[in-house]
Amino acid sequence: MVNQSSTPGFLLLGFSEHPGLERTLFVVVLTSYLLTLVGNTLIILLSALDPKLHSPMYFFLSNLSFLDLCFTTSCVPQMLVNLWGPKKTISFLDCSVQIFIFLSLGTTECILLTVMAFDRYVAVCQPLHYATIIHPRLCWQLASVAWVIGLVESVVQTPSTLHLPFCPDRQVDDFVCEVPALIRLSCEDTSYNEIQVAVASVFILVVPLSLILVSYGAITWAVLRINSAKGRRKAFGTCSSHLTVVTLFYSSVIAVYLQPKNPYAQERGKFFGLFYAVGTPSLNPLIYTLRNKEVTRAFRRLLGKEMGLTQS
């Protein structure tokens, strides 16, 4: 095994062969990051400060917003430095931290999105028992389970990836330190790591996504049985935002972690990795707020209070 502590780190290639594209991506990534900071911070503040948003749905949403803030902050600053300047290296320690955070928070988001689907299932299919089933204690327990599973997954998979003997050039064909990219960088047999990724993908991607699809199948069946068109629109409206987020997140993560072994898929995987690391966290607040009248009204109430305090 190579002594990784004595190595200078890795070279993140990204799109270094296209300098013009890197400048464009710098603007896109910076804009997305600023939107992520503002949008997700606003959702957390509204969920905490507005009593009308003190419900399980917004508790889970604020968890998702906090998770997205941490997720993007773990990689975007380094990514911006690499996109803007000639220096595209990352130290072994920074790469290790980045992988650990990526795995932990990515896994947590997979589980949390499943929990949110369960919350919507109970709200639509068992409305009379919703308050009894989804009580505050259960909310905290489910959120804690999501975070713990993410931590355990990262503790298990990060060391086995970082202890691989890497090729001397240490050129990572990606924007960030991702597990698939580092496995491809190894000069020796990586069958164990590939099996580990495949097994983890089943439990973290396939199983949660299947549960989400089952939940939304039951939700769709229940909504179609509602007699009034207004009731159907309201029920679908509360679930469409979450389903959109699930589609964007899972499609991009699956494209990165379950991609076939060919150069085209790997090149495409870089774009998908960039999208789920930067794009989805910036879009989530917009998706959840644009069609959500409760959040819009909460923002107006908060803005009205601030205006009143300023005038007084």
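Even glycines carry a Cβ here, placed using N, Cα and C.
With respect to the membrane, Leu49 and Gly85 are recorded by Swiss-Prot on different sides. At the 8 Å Cβ threshold, with sequence separation of at least 6, the transmembrane segment (194-217) comes into contact with the transmembrane segment (235-257) through 3 or more pairs. Same-chain residues lying 6+ beyond the ends of the topological domain 'Cytoplasmic' (48-55) with a Cβ under 8 Å from its Cβ atoms: 62, 294-295, 297-298, 301-302. Across the topological domain 'Extracellular' (157-193), DSSP helix (H, G, I), strand (E, B) and coil residues number 16 helix, 4 strand, 17 coil. Scoring each of the disulfide-bonded residues (Cys95, Cys187) by how many neighbouring Cβ atoms lie within 10 Å, the top position goes to Cys95. Through the fold, the topological domain 'Extracellular' (157-193) approaches residues 1-2, 4, 7-14, 75, 78-79, 82, 90, 92, 94-96, 98-100, 102-103, 200, 256-257, 259, 266, 269-270, 273-274, 277 of its own chain, all at least 6 residues removed from its boundaries and within a Cβ separation under 8 Å. Taking Cβ pairs closer than 8 Å, the transmembrane segment (56-77) reaches residues 29, 33, 36-37, 39-41, 43-44, 46-48, 97-98, 101-102, 105-106, 108-109, 112-113, 115-116, 119-120, 123, 134, 136, 139, 142-143, 146, 175-176, 238, 277-278, 280-282, 284-285, 288 in its own chain, all 6 or more past its ends.
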